[in-house]
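Visitor: Take a look at this one; I'll ask things after.
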């Protein structure tokens, strides 16, 4: 991975001049460059976000060349095994773009209107921002202004309310950014991945997301010499190369406990989000895995690992079968605890409180956000019961798939839904090489109907 300082960054004028050269004396056509750009974007996405985990992709396309790059990327993502959908509000009648639309329609890739987009994009794993490129100037017009605002608020919303949120991938320029100055207001889109094309633009210096790739393996030596470009070497036959510094935590050197006490948040939910973000940035596998401990009415405990779905409305949410052992114990005794353990960072978080079911509307939303193959499992599963064998489950899954073929909605089982643990206490534990570990305990104090948190350092 190339270091940021060794790579050239283009001004808006230089980027425009290089495009003119490529499509002028150097003989490239716009459709050739668009094809190479879209393939580069799809390749970068596939490098990081595997279709087994990030299958549902929404590509938001603008009216110009950046939108065309998005259309091409969507076609390649389909062939890579993803399930792309397209939001293309302002179509152009030009044959090149009409042909791309026809190609996608022939693959049964759905086009979604702005009005039909799901609230907060909850039905998607990846959002590709292919709205505006480096040549755009002025203020975005409807409906793109609202779309950009929604993407910007989405990243801010999920910073405070964790769930496996859709990641944002911006093509060349995060839409709404100044090509050279970046996100001037500080309220713009904060993509998780930026795929620069040809060469990164000056705004990319301020990009602080996890992944920065360069795509467009077509810059001839004459252009590199003319503009004194320093570009990385593409590995093998790849159409993209990762550049910049991957934001990460130095996992071999955890924060010493004596320094941690100086950066404690007053709100335990904010403190949790900071630590969770650290676990994600460190590349830990399954940072959202948590041990859920429940107890029967006579106090006999049991524990198991579950996946955190979301932190929302003052609680930690996960989903399960209501008839499982944990479901039965919660019905008898709503007191429960959660434990997050991030071994590499030498950290753990304990959360204790009361559990309640979420609303049917929330459970329906969570069920519909799951990939189709994962929707089928809870529909046939009878957790914590004896079954005749795995073959019986496989047969039931097959029968359900035949009953609800691709394109048909699988109904949510009435015995499946979400739970929310409302914390009464948090405990953050940071290990230290000196064995003088730090524990921070937050205790909820109710005053005039409001929850206030008291911090006890141990």
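Cβ coordinates come from backbone N, Cα and C, glycine included.
So TrEMBL says this about it:
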- 65, 66, 67, 68, 69, 133, 134, 135, 136, 137, 138, 139, 172: (6S)-NADPHX binding site (BINDING)
- 66, 129, 175: K(+) binding site (BINDING)
- 15-231: domain 'YjeF N-terminal' (DOMAIN)
Visitor: Distance between residue 172 ((6S)-NADPHX binding site) and residue 66 (K(+) binding site) at the Cα atoms, whole Å?
Guide: 8
Visitor: Count the Cβ atoms, other than its own, that fall within 10 Å of the Cβ of residue 69 ((6S)-NADPHX binding site), considering every protein chain shown.
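Guide: Result for residue 69 ((6S)-NADPHX binding site): 32 other Cβ atoms within 10 Å.
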Visitor: So among 65, 69, 138, all listed as binding-site residues, which is physically nearest to residue 129 (K(+) binding site)? Use the C-alpha atoms.
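Guide: Checked the binding-site residues 65, 69, 138; minimum Cα distance to residue 129 (K(+) binding site) goes to 69.
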Visitor: Cβ within 8 Å of the K(+) site centroid (66, 129, 175 excluded): which residues?
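Guide: Counting only non-site residues, the set is 60, 62, 67, 70, 130, 131, 132, 133, 170, 171, 172, 173, 174.
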Visitor: Near residue 67 ((6S)-NADPHX binding site), which residues of its chain come within a Cβ-Cβ distance under 8 Å, counting only those 6 or more away in sequence?
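Guide: In sequence order, 61, 88, 97, 130, 131 meet the Cβ cut-off.
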Visitor: 134, 136: which of these binding-site residues has the sparsest Cβ neighbourhood within 10 Å?
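Guide: Per-residue Cβ counts within 10 Å for the binding-site residues 134, 136 bottom out at 136.
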Visitor: Do any residues at least six apart in sequence from residue 138 ((6S)-NADPHX binding site), in the same chain, have a Cβ closer than 8 Å to its Cβ, and if so which, in order?
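Guide: In sequence order there is nothing to list, since no residue at least 6 apart has its Cβ under 8 Å from residue 138 ((6S)-NADPHX binding site).
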Visitor: Rounded to the nearest angstrom, how far is the Cα of residue 66 (K(+) binding site) from the Cα of residue 134 ((6S)-NADPHX binding site)?
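Guide: The Cα atom of residue 134 ((6S)-NADPHX binding site) is 9 Å away from the Cα atom of residue 66 (K(+) binding site).
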Visitor: What's the CA-CA gap between residue 136 ((6S)-NADPHX binding site) and residue 175 (K(+) binding site) in angstrom, rounded?
Guide: 9
